[in-house]
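Asker: This is the structure, below, for whatever I ask next.
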Amino acid sequence: MIDTTLPLTDIHRHLDGNIRPQTILELGRQYNISLPAQSLETLIPHVQVIANEPDLVSFLTKLDWGVKVLASLDACRRVAFENIEDAARNGLHYVELRFSPGYMAMAHQLPVAGVVEAVIDGVREGCRTFGVQAKLIGIMSRTFGEAACQQELEAFLAHRDQITALDLAGDELGFPGSLFLSHFNRARDAGWHITVHAGEAAGPESIWQAIRELGAERIGHGVKAIEDRALMDFLAEQQIGIESCLTSNIQTSTVAELAAHPLKTFLEHGIRASINTDDPGVQGVDIIHEYTVAAPAAGLSREQIRQAQINGLEMAFLSAEEKRALREKVAAK
């Protein structure tokens, strides 16, 4: 179902949601951190979703063990490097990795700006080693409040040329976008793109707010757009992309089953929507699974899957020249 003549992208992928279980085990031993299990087989149920979680917040707790072992900046650098290696193994040509440095720093009080620098270094080295093209999206974790998000923003601004976009993720219901208007004003002033997690736990009004008040050019998940025909029309007309994450939306109980996922409807409506993983390490999936298993189960035709693959590059935070070069590079292989 993947068209090998086209670039394969993953533009909604959390670096801190893709820490390998084996790496969690090894870092736990290296830094003498107590883990809930001592073998890979017994650790996996604690760090991967085995059965669907009742809600988004429950799902997010599965990510916690991955960041609890980030006891040094070297550990952060390692997981960033491994993220690129995983992308290469999946056959991805281009990946946008998003990460929350405050979340990664929290367990061991690491310097937030230092985490940003370590991630930049690890990703850069991974791209050099594996030949994958990558850009970084900075996440503000709304769950930890406005002040913590301000600290993350300052850390990103200290490395503004290595950050492509700003995102807001976490507890959408408890911490609405209206709390972060000044943060996004500064992000736009820095020349960054804007993508926002919206319409995942909250309704279509959260998507409207992300677009109108925060300046979102893309929406992460956005499943609740299906409830508002005017919003769907607006997304299609303005070419505001939806970063769909099929398996993730089932595992968080945002959508009951793949057959009920709105991605097919979005594509039929002319909305620029793409297929992405979200937190592949926690979900136990990869981009190949999303294209070959999840997308057909969500009712997408072969042509719709191909369109979603095209959309992934069209939506990417790349210049027209960068997109053209990537298309030509893949076509020449």
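Placed from the backbone N, Cα and C atoms, the Cβ positions cover glycine too.
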Asker: Going by Swiss-Prot, His12, His14, Asp278 bind Zn(2+); tell me which of His108, His193, His197 is listed for that site too.
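Answerer: Among His108, His193, His197, only His197 appears alongside His12, His14, Asp278 as Zn(2+)-binding in Swiss-Prot.
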Asker: Looking at Swiss-Prot, which one out of Asp86, Asp279 binds substrate in the same site as His14, Asp16, Gly170?
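Answerer: My reading of Swiss-Prot gives Asp279 as the candidate in that site.
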Asker: Can you tell me the three-state DSSP label for His197 (Zn(2+) binding site)?
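Answerer: Once the DSSP labels are grouped into three classes, His197 (Zn(2+) binding site) ends up as strand.
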Asker: Nearest of the recorded positions to Glu200 (active site, proton donor) by CA-CA distance, picking from His14, His221, Asp279?
Answerer: His221
Asker: Using all protein chains in view, find how many other C-beta atoms are within 10 Å of the C-beta of His14 (Zn(2+) binding site).
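Answerer: Other Cβ atoms found within 10 Å: 28.
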Asker: Near His197 (Zn(2+) binding site), which of the recorded positions Asp16, Gly170, His221, Asp279 can be found within 10 Å, Cα to Cα?
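Answerer: Those close enough are Gly170, His221.
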Asker: Per DSSP, to which secondary structure element type does His14 (Zn(2+) binding site) belong, with helix, strand and coil as the options?
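Answerer: In three-state terms, His14 (Zn(2+) binding site) counts as strand.
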Asker: Test of understanding: give the count of other CB atoms lying within 10 angstroms of the CB of Glu200 (active site, proton donor).
Answerer: 24
Asker: In angstrom units, rounded to an integer, how far apart are the Cα atoms of His14 (Zn(2+) binding site) and Asp279 (substrate binding site)?
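Answerer: Checking the Cα atoms of His14 (Zn(2+) binding site) and Asp279 (substrate binding site) gives a distance of 5 Å.
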